[in-house]
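Scroll down for the structure; my scribbles are underneath it.
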Amino acid sequence: MELRGVWWRAISVAAVIWLAACGPRPAAAGDIAQDDENAPKKPGCNNQFVLVKVQTWVNGLESREFVGVSARFGVPIVSKEKNADQSPLTLSDPRDCCRPPNKLTGDVIMVDRGNCTFTTKANNAELADASAILIVNNQKELYKMVCDPEETDLDIKIPAVMLPQDAGSSLVKMLMNGSSVSVQLYSPTRPLVDIAEVFLWLMAVGTILCASYWSAWSAREAALEQDKLTKDAVDELTDDKHVKATGVVEISTTSAVLFVIIASGFLIVLYKLMSTWFIELLVVLFCIGGVEGLQTCLVALLSRWFRNFGDSYTKVPFFGAVSYLTLAVSPFCIAFAVVWAVYRNTNFAWIGQDILGIALIITVLQIVRIPNLKVGTVLLSCAFLYDIFWVFVSKKLFKESVMIVVARGDRSGEDGIPMLLKIPRMFDPWGGYSIIGFGDILLPGLVVAFSLRYDWLANKNLRAGYFLWAMLAYGLGLLVTYVALNLMDGHGQPALLYIVPFTLGTFLALGRRRGDLKVLWTRGEPERPCPHVRLHSSEEVDQDY
């Protein structure tokens, strides 16, 4: 062993718990405080809420771009940039626009929220011949502007857009400096499918594929080693526990149930303590896990060509016996993680994050295993309920989705937690990332890897086994997740809500149909003839003669 067994087990179990606890599917873009179903509609106040780009020019030069949200009332925002007019921006006098301001000539007027209704401000701006109204919120979040039930003066012929407080402050500074500011309002349509989602799907499926084959290969090697020991030394026969004690951790039913409790507690801690320093702590933990994962994967890969270095060991304090190949690879892995941590806010940092994340997931799936389908069913069922509760039900208790808030890092001033695979959206005018939490790969991956181990030990071919169908079911479940995410216009979706029924349902149904369900559920591996029994039988036959 290259690391002490106890230390490896602690790292593995801890990784499964805290990584799987952070596997949400956050919203794709925007932060809007009010849901559509809570916003009443009536004639003159029935627009769809859309995010709006507010492009600015200062003294004729293109400047910053801000994002706002349209209102239920007023003229809909144009979707194409070429159809949007560039108009001068004017600060309202009075600032709240609760009474008609000075006459304008097609300018976009910017007003403060408060003291009167949104529609009153919009009507006053229209009376002053404004071409549009920007209402600055008194909070950092965006807020959907709706109409009061008793309002009747809703024939508003100009668009209305809400801006967050920081955007309004920036625009006010530009105007107060005496600069000439003009703006352009438009709401580009988000593509139904971005190629980033295709690559992310391939990354998730490919990660489980690689981890499953590594896990199955290790299990088969362990089985062959057990047979060899049994044949060579019947009197010194070692049991299964000795063979399994080579850095592999098996999850029990109890630990699968405890997962929900521990993961929920960890998620609440993240939610309550979310801040810049806490994100920094998570980055450090992620780097430690990423270094371990990357080192393990590289050593396993390079040992095929540098077998002598891989089989030669030296003692290192705390770590015990470590191979020379591990010592050679470790500095590179540490340097890689440090460089990523330092430059993690740059545009290309997602590449390093994905490499560290994939290596960590593959390593955990190779080390942590479920012994049978019973444990896998309990684990995925608990994760299924966990995902639903913290994405949907938590809104009733905390007034917001706890999992989505944690994933986006809303209260930290950062881009969110690092325990995610992500790819920038390439053809989305709104930018952002397509992401997937580690838990959405790790937890189903445990069951998929188990299916391949069973197939190899049972000598089943690809079509007659369970791995192919489990892999297809996972890929289809993840695909349905992306479809649901796009149909819900980017609102947060728990991926396990779709992945678990596909993956687990397919495995259980196929096992029952083939008559293997009892073995899969209890033993988790096919019965194999015991070599020492055959040895004793042959000796008895010889003695008879």
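Backbone N, Cα and C atoms are what each Cβ position is placed from, and that goes for glycine too.
TrEMBL labels come from automatic prediction, so no person has curated them.
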Stated TrEMBL location of transmembrane segment, expressed as one of 371-390, 491-510: 491-510
Residues from the same chain, set at least six apart from the ends of the transmembrane segment (430-452), whose C-beta lies under 8 A from its own: 16, 19-26, 28-29, 51, 67, 188, 190, 194, 196-197, 200, 204, 207-208, 211-213, 215-216, 251, 350, 357, 360-361, 364-365, 368-370, 372-373, 376, 379-380, 383, 407, 419-424, 465-467, 470-471, 474, 477-478, 481, 495-496, 499-500, 503-504, 507, 524
Residue distribution over DSSP helix, strand and coil in the domain 'PA' (94-171): 17 helix, 15 strand, 46 coil
Interface check, the transmembrane segment (464-485) with the transmembrane segment (318-342), three or more C-beta pairs under 8 A: no
